[in-house]
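Now, the feature entries from TrEMBL:
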{"type": "COMPBIAS", "residues": "B:1-15", "note": "compositional bias 'Polar residues'"}
{"type": "DOMAIN", "residues": "B:93-304", "note": "domain 'ABC transmembrane type-1'"}
{"type": "REGION", "residues": "B:1-24", "note": "region 'Disordered'"}
{"type": "TRANSMEM", "residues": "B:37-61", "note": "transmembrane segment"}
{"type": "TRANSMEM", "residues": "B:89-118", "note": "transmembrane segment"}
{"type": "TRANSMEM", "residues": "B:130-155", "note": "transmembrane segment"}
{"type": "TRANSMEM", "residues": "B:175-202", "note": "transmembrane segment"}
{"type": "TRANSMEM", "residues": "B:223-245", "note": "transmembrane segment"}
{"type": "TRANSMEM", "residues": "B:283-305", "note": "transmembrane segment"}
Amino acid sequence: MKNSVESRAPVINTFLSLLAFMWLFPFLFVVFNSLKSGQEYNLGNFWDLPTTFSIVENYEYLATKIDLLSGFMNSLVYGLVAAFLAIAFSVLAAYAISTLNIRGRLFWFLLIYSGTIFPFQMYLIPTFRFYSFTGIYDTKFGLIIFYIAICMPFCLFVLRNFFYTLPKELVEAAKMDGAKDLTILRKIYVPMAKAPIAALFLFQFTWVWNDLLFGMTLSKSEETRPIMASLSMLGGAGNNIPAVLLAAFIASIPTLVIFMVLSKSFEKGFIISTK
Amino acid sequence: MSLTNEISNEPNNKGVQKKPISHSKSRKNRKIEWTPYLYLLPAVTLSLLFFIFSIVFTFFISFTKWDGVNDIQFVGFENYIEMFNDPNFLIACLNTVIWVLGGLIIPVLIPLILAIAITKSRFGSAFKNIFYLPNALSPTIAGIIMTVLLSLYGLPQVMGMLGLDSLQTNWLNIPYVNTLIMVASGAWQGIGINLILFIVGLNNIPTEPIEAAKLDGASGLTLYTKLILPLLKPTTLIVLLMSLVNSFKTFDVIWVMTGGGPYRTSETLAVTMYKEAFVNNELGYGSAVAIFLSIITLAISWFFLKDTFKGEE
Amino acid sequence: MKKILLGSIITSLLVLFTACSGENEKSSGSGNETVDFFSDKVDDEAAYSEISELINEDIGVELNFVGYSDTTAFQTAVQQSLGQENSPGMFTWWSGYRMEDIAKSGNIEDLTSEWEEYYIPAGVNPDLAEAFKVDGKIYGAPATVLYNGIYYNQEIFEKYNLEVPKTFDEFLALCETLKSEDITPIGMQDAGWASFLWFQQLIAAYNPELYTSLVNGEISYQDEQVVEVMEIWQSMLDNGYFAEPVDHMTRAKQFSNGDVAMTYESTRFTKNLEEDFGLEAEKDYSRFILPSMESSQKPVIFYETSPIAISSASSEKDNAIKILREYYGEEQQQAYADQMGIGFLEGVELGNETNQNITEKANSDDHLSMIRYYEATPATIVDAATTSLWEFVYDPSTSSIENTLKTIQAESEKAFSN
């Protein structure tokens, strides 16, 4: 689809540039203001350019207030493992629901999908009780399985719809050659689903990385708490906003790195051959 | 190859392509095969443990009066009756409808147009990065940024400097206008996911039917409306439904920006649920709202999904 | 892609391994006994780590501060763990109906005898116990006390030769002068609950007894005295004495750069003004108490106090009780004051003159101190009142006074009938 550089290209690029500016605008606003010192920001006009360059100062303020490293490794592990396993489980389930011979496809789908329609806050009390009861409260294992579960519905939805569109001739041909279901999934479906899987990995990692509510409720010790919990210790109402923003940028680095790494996978369209 | 023939290959076609497989299988094997169910096992186990357990728990609580610590009192349908008689509930429903409508237009239509434009632009990947950027931020931080930007010293002050004095007020205090502003700022952070789904979807559309259609002389708008958009339908369905579900559940943005105010005018069902359950400690009532919300969302999801499952049984 | 997948598998195995071994580490403990202290006031962390050191020197027990920036997470973690051995030894809570809920469940310690034997002798004002009483027993110890008052920008007051008002009429005249100088007199916070602040203060300025009877359901909200107070408030709103309600940080900015001259806030606000805005107490800002409308009446200082409660079932209970006995020691309270600039025991140097003044006033006989509206009256009334008072603030009129008071009265009747 990229080959057609049409005569309308300038129009499209102008349109995109305008919208892109709108999207970047809050960032520019934030970047300018996060260069200011806490008091300069608070007292001055938000629309004045910074007169100081206070990144170091702000960073030092952060260092005295919170430990950004604590939670960083935890969240990295939670994000990578939960995203990976949630996708793995969803691939299996999506394959079964879209292709294999099972009864009640819609039922099974809705059973797993129900996780996404139920308001998140309502999970807190039953899950907390369940965790306390089984002793997995405040453990890494506990957080990981919760994150796997909560990430599954969306993955299942995307993968099921994707598998569903794949031409079934491929499967039939493979079956003729005597391939087993699992082999077909591994050799044909998963490689074809590379782009959606990459996108899902990004989304789910980001979701887990940014989660505060569950991470904070289901853990209490520093060894278990995720990064957003330590970040949020910067305080409530009264704040040094530039420092908070700086912390937010530092904390967003892993999600941005994963985005950059996976970004190419979204563009490479998989050419489906029906021959 | 004619255009119409190709379109009939599109997935939402009452499972025409599916049948052969299930047919041949069921004919080969009359008794129920259990191995396919093993594929569902991990996902279903976790769903039962977390989702179904929580939903059943909440369903039970919705028929009781409970403050979270003391004994649970069974009250029958009282919470539901109270809910439907509460004038604020109606306002919350109305606001939820606004969010859902806004959620259909902004987070679905804009990413779709953007995705098409981006796949056509030479600088596509740069633009994609820009639009995805806010998504990397945590919702809390995005909330802070938006609050600052919309505060009296943010954009309203710029309006004042431009001489538009009447706009130099706290926008978030104006009933219903604040809801629209919140829908928009929610979109600022939220469209990244939908955009990427659309890009992935567009890039995964088989090229052959399009080339064929082009040879047949189709171009521009016709190409899109007649061919590409129908082929994109599986992706559109995901984006549409997830936007709907998320609009129904919208809570964070509102809680951070207006807290449902002023005087509860921007409250949605999810905010009502939260306030009752966690602020007023009326977990029974809060659960009733949660169940009501979930049933509606489930019904809508079922309505959208049932067709794509037809003929598969 | 492959690298990431491979990496994920390896890390997942590593995690399961470390997660399991992590458990063992915890149970073996670090030698010292610790008590978990769950708190939703994350700003307090530094203060409590100092207090922990001091207490540890004395009795060999450490206080482990566990902060919750999210109220829901905090509430769930506390409420749902009560009654279990692994519940936190100590936790901060709210006075009022939430205190009542957990006290009635029998899951928190009755501290009545602790008050008599330890807290009162250490200098804690016995009146504070009122906020934590359920059925005559005291279930909490004050974490700290916050006093409310009207902050004013001294630079503006000096510029226009204004003086701190001694009567209510002087206060109104002051607002009028500011208005005529194009300065909005009073900044307002737009939080959903914040509408009760001026309501309580104006009612108490009219007549402190009216406030007490109102929150106890002994007088109707539709009583003509209440209507009169609302009319005074209405005229203040109509005269433009109040700024448009804005978020907390915006209001702090308005106050600091002189866009508004005054604002109603608690003693916690000073830390905000000093650290984030670089203002100095008694130089850039100060505070006064709203004068009473009748000169024969004492002005009222409203306070809020959040309790520390002890979980009965917790394995750390005994140590938690020991810690609370130490908590009101002079050094410990001084450590808190040094960090936060607030305190409530006599003899503690707050290091902030403005806060020191109000704390002394509150402990003196010239002023009355009262529990603020939010904790003083049942929650369902507060909920209805804060919502409908906002409706009045945004649209002050005779009919909205009528509607607002009618709504609150209806809730009040419901709450006090059972």
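Quick reminder: no glycine exception, Cβ is built from N, Cα and C everywhere.
Of the recorded ranges B:89-118, B:130-155, B:283-305, the transmembrane segment (B:175-202) has the largest number of C-beta contacts under 8 angstroms with B:89-118. Count of Cβ pairs under 8 Å against the transmembrane segment (B:37-61): among B:89-118, B:130-155, B:223-245, B:283-305, the largest is for B:283-305. For the transmembrane segment (B:89-118), the most Cβ-contacting stretch among B:130-155, B:223-245, B:283-305 is B:223-245 (pairs under 8 Å).
Beyond the ends of the transmembrane segment (B:283-305), by six or more residues, the same chain brings 55, 58-59, 61-68, 75, 79-80, 82-83, 89, 237, 240-241, 244-245, 248-249, 269-270, 272-277 to within a C-beta distance below 8 angstroms of the stretch. If you look at the transmembrane segment (B:130-155), the same-chain residues 6 or more away from its ends with a CB under 8 A from one of its CBs are 114, 118, 168-172, 181, 185, 188-193, 195-196, 252-253, 256-257.
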